[in-house]
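If you check TrEMBL, you get these features:
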ACT_SITE  249  active site
BINDING   103, 248, 252, 258, 266  Zn(2+) 2 binding site
BINDING   183, 223  Ca(2+) 2 binding site
BINDING   193, 209, 225  Zn(2+) 1 binding site
BINDING   201, 202, 227, 230  Ca(2+) 3 binding site
MOD_RES   389  phosphotyrosine
REGION    52-115  region 'Disordered'
């Protein structure tokens, strides 16, 4: 009778832990505040709240599971840290483990058969098996921290760099938008916020929480929330380094659980500021278990011109220039790269230009090349910027963070794109034409919004790049050609 009751309780705990794993509340001393009843786990120096999902149907009768309370003792904590119970001289003790800032999300349970567990080799990372069903994702930073220890540009850069690490490790691509619905929303909030079922608790408690993709929270799935009562920093030991916290949180946003590997990004402890922090092998393997690996020929090459999307493209003196991160490529004709195939550093051709530009085009009236990055633009004559630059984009009547720009030589007209909108720009008067912006589809039939780059090619067509694919627009018939999108790397980059 007691054995049967024990087995039942074990099964209940396993089901409960699985359901709790739907929401990940992250880093030091996080808590998930339930809407009805909560189970509180309390150990010396560490308090965390676990949510029994009372509104989810059970696997047996389809009725709501009853809330349950359970406690964690020293044995459970040692197990979750992978510490032997009777050998504390060669391992971090339970009491020492408690002293480190750590995430309050329950660590995934390792299920072992007692007769075969001694020599069993286990993977030390864990995944939730809820993942994104698509490879090209968008994200949007909804607001910025209340405590102005970081500029908005520093916040943007911290979040962008965190996404880029996951981008480089997986076939996924991430693109930041500034308007409309995104797959992943980034938000700074305090206490009870919006319709989120988990509230924050002020200074030095919960730091952040994240929602797994395709979970049970509707439009919150994949989102990341930071506690705005905390102080976030760009670098240094004071406060919490936003890049590091975001890098961990985004792992949960992609479907990863905690790792038992010391030093892994997905390990539950927050270890303070660490310069040049990167995803570890354990983190990469977990992500690739969900989403697959990069092409073998391109793996480990973040500057590859074949396995990722592109930042900007334009025609300069009859040659197509394509930009990605810190490098650029020149194309003499489709599929024919001008050496080297690895591209060249942007600053080797354009001195003092920032990396990861947003958009670029060559002006028809003087041949100067105009680069856009964030809220600024640069004017280049040959290799060098003209004096007095950069200047604010706003003086042109355009929004910050332009996605793409294309100059149509046959009409002597320039179009700027951002999110789902397009602006037509008069080069003679250097101003936006009356009535703009319009929706992209109202001006460019068949071309989707949220494009990454565009150029007017020598064959008379206008090309629009989105992620790793492109569309071709017929200027005579004024619509997108059938048979697209196609892979830009295959057709233009010789991949």
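Each residue, glycine too, has its Cβ placed from N, Cα and C.
Because TrEMBL annotations are produced automatically, they should be read as predictions rather than curated entries.
Residue 252 (Zn(2+) 2 binding site) is surrounded by 27 other CB atoms, counting those within 10 A of its CB over all protein chains shown. For the recorded site, residue 209 (Zn(2+) 1 binding site), the DSSP three-state label reads strand. The subset of recorded positions (183, 201, 230, 258, 266, 389) lying with their Cα within 10 Å of the Cα of residue 209 (Zn(2+) 1 binding site) is empty, i.e. none.
Here the residue listed as 'active site' is compared against the recorded positions 183, 201, 227, 266, 389, and the shortest C-alpha distance is to 266. Its Cβ taken as reference, the residue listed as 'active site' is surrounded by 27 other Cβ atoms within 10 Å in the chains shown. Checking each of the binding-site residues 183, 223, 230 against residue 266 (Zn(2+) 2 binding site) by C-alpha distance, the shortest gap belongs to 223. If you compare Cα positions, residue 252 (Zn(2+) 2 binding site) sits closest to 223 out of the recorded positions 183, 223, 225, 227, 389.
Residue 266 (Zn(2+) 2 binding site): 26 other CB atoms within 10 A of its CB, across all protein chains. If you check the recorded positions 183, 258, 389 against residue 227 (Ca(2+) 3 binding site), none has a Cα inside 10 Å of its Cα. Among the recorded positions listed (223, 225, 248, 258, 389), 225 has its Cα nearest to the Cα of residue 201 (Ca(2+) 3 binding site). For residue 389 (phosphotyrosine) paired with residue 183 (Ca(2+) 2 binding site), the C-alpha to C-alpha distance reads 35 Å.
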